[in-house]
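Taken verbatim from Swiss-Prot:
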BINDING   23, 24, 25, 26, 80, 81, 82, 83, 93, 94, 95, 96, 120  substrate binding site
ACT_SITE  102  active site, proton acceptor
């Protein structure tokens, strides 16, 4: 299913594009499909801007030409995944702890295409998947306490392959936050959390996604569809 979604996303890519390369399992499949198109000559003069060290390493291994985010005035198209998508195309991202670079790339993109499976579609954000908040190591407890006053329950994300917490590409830590009633006003909450001293960025992507491509299984057959934005 993820491969079908990834392959379909590549159909949006045109020769000469500067392309934002997303992170995560579906994005990795997209990067591999992109590399094959470039290798076969079906796509030419593509330059990629990776959203994480993970996607950068994969792109380099597959010989996709890369360009630094700071050196481009805009990105033609960014293709990325999401952890949750609501009917207004507001997103939670950051399950891979790289939402800071993902948001930088998304905000510079002329178009942001989100590729997901049907399980990521939700009516209200944050009722299941926690909101990642990247914090300075010295500030995590202070930020946790402030978020608690906002009715949010925070847990420091712990690593699975090493002792201690997850450390981001920027050298920071991640608080995973669940709010009592979920997130009803993503725009307001994004601003309030980012205004907390010690917070670098949170995983709410508000008014950034232009199109969502969804894969699902229907009668044992993989099906693609693109929902309409509610608002």
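The backbone N, Cα and C atoms fix where each Cβ goes, and this holds for glycine too.
These numbers come from a predicted model, not from an experiment.
Cβ proximity to the substrate site centre (mean Cβ of 23, 24, 25, 26, 80, 81, 82, 83, 93, 94, 95, 96, 120, cutoff 8 Å) flags the following additional same-chain residues: 22, 27, 102, 116. Reduced to three states, the DSSP call for residue 120 (substrate binding site) is helix. In the three-state DSSP classification, residue 82 (substrate binding site) falls within coil.
Ranking the binding-site residues 23, 25 by how many Cβ atoms sit within 10 Å of each one's Cβ puts 23 at the top.
Counting only same-chain residues six or more apart in sequence, the Cβ atoms lying under 8 angstroms from the Cβ of residue 80 (substrate binding site) belong to 20, 22, 23, 24, 27, 51, 93, 102, 105, 106, 112, 113, 114, 115. Under DSSP, residue 102 (active site, proton acceptor) is assigned to a helix (H, G or I) in the three-state scheme. Listed in sequence order, the residues of the same chain lying 6 or more apart from residue 95 (substrate binding site) and placing their CB within less than 8 Å of its CB are 24, 83, 129, 132.
Long-range Cβ contacts of residue 82 (substrate binding site) within its own chain (separation 6+, distance under 8 Å): 91, 92, 93, 114, 116, 120, 205, 209, 212. Ranking the binding-site residues 93, 120 by how many Cβ atoms sit within 10 Å of each one's Cβ puts 93 at the top.
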